[in-house]
Amino acid sequence: MASSKQNGPTTASGKSELRSPKPTSENRDESELLTVPDGWKEPAFSKEDNPRGLLEESSFATLFPKYREAYLKECWPLVQKALNEHHINATLDLIEGSMTVCTTKKTFDPYIIIRARDLIKLLARSVSFEQAIRILQDDVACDIIKIGSLVRNKERFVKRRQRLIGPKGSTLKALELLTNCYIMVQGNTVSAIGPFSGLKEVRKVVLDTMKNIHPIYNIKTLMIKRELAKDSELRSQSWERFLPQFKHKNVNKRKEPKKKTVKKEYTPFPPPQPESQIDKELASGEYFLKASQKKRQKMEAIKAKQAEALSKRQEERNKAFIPPKEKPVHLKKPKEASTETKIDVAALKEKVKKAKNKKLGALTAEEVKLKMEADEKKKKKK
């Protein structure tokens, strides 16, 4: 009996020794912990996980603008139908312009009320029902980015917001394809729906665009990251060497003034007191003159100014009678006849003599010979 008792624990311990030790978090590689396996999906929360339901009732309400009233009224039955599947009540108040969602006694998922709250927020921010209803899925999240307070100047804000959208929405479409998110720009907010990794990139791009960084730089970086993620060897390595480094150029657009004022050196002493009219007269000696003498000096100064102005005016008038300077005429020298183009005088004289002897319309000697030969040939043929 004793031997059997001793053998019992030994066999159990032997089995434990044969088993492979369980891998602890310390033994695992850090990269394996951080990477999510492909195709992994979080298990859905079912009624079996919380059979007794919730203890208290929770509710959320949000306001919506006037222009969304017609659309919400039209699609509200679909919203109620989708939320009733998760045992959430939804009410639309058109008088106050608000939407309310609240839990019931049958609600078993504690987080579904947060997703219902995000649903009505997205509907209020002009997101369509088809896209907003995706928020009720477990692997989908949303982010509403407020951009209204990031730029003070209204014109600058509109320009940067349009830069985010791009010509015919091309920039926004490229961002949606790279991040796998649906993005809606409306007013002072940017609404995004998609996976968590994509929402993080969307927020970064939107905030950088509002900080005057063009979205094309971030889109180029995202394209490179997407290609690098396909390589399994590069997943655990740093990607800094592959990503482009853009230099920010801060161009000063401030126009420099034409007249630059140079600041005077600081002195602790006050500036000297300016001279008054009496001080100036005392310095020049006019203060001691009589009134008649002062008047005479004043008249002389006026006459001198008038004479100077008259002489200037006369000079300007005389300018019209001064002829303009003519350009010097350069006479061209006759070109000397070249030796190649010299005329043969003797041959020319002979030609003139022949022309004088010749009658008008008469044939030349050569032409006469040719004619005679032609006549002889005709006679022979006959």
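Quick reminder: no glycine exception, Cβ is built from N, Cα and C everywhere.
Sequence annotations record features per position, and here Swiss-Prot assigns compositional bias 'Polar residues' to 1-14.
As annotated by Swiss-Prot, N-acetylalanine applies to Ala2, with the evidence given as similarity to another entry.
Swiss-Prot lists Ser3 with the feature phosphoserine.
Taken from Swiss-Prot, the feature compositional bias 'Basic and acidic residues' covers 16-31 (among others).
Break the compositional bias 'Basic and acidic residues' (39-51) down by DSSP state and the numbers are 0 helix, 0 strand, 13 coil. According to Swiss-Prot, the compositional bias 'Basic and acidic residues' annotation covers 39-51 (among others).
Among the features that Swiss-Prot reports, domain 'KH' is placed at 154-206.
Look at Swiss-Prot and you will find 250-262 tagged as compositional bias 'Basic residues'.
Feature annotation from Swiss-Prot assigns SUMO2 cross-link to Lys342 (among others); the stated evidence is similarity to another entry.
The annotation SUMO2 cross-link is assigned in Swiss-Prot to Lys371 (among others). For Lys371 (SUMO2 cross-link), other Cβ atoms within 10 Å of its Cβ number 10.
Here the compositional bias 'Basic and acidic residues' (39-51) has Cβ contacts under 8 Å with residues 108-111, 138-139 of the same chain, all six or more residues outside its ends. Along the domain 'KH' (154-206), the predicted structure has mean pLDDT 93.
DSSP assigns Lys371 (SUMO2 cross-link) to a helical segment in the three-state reduction.
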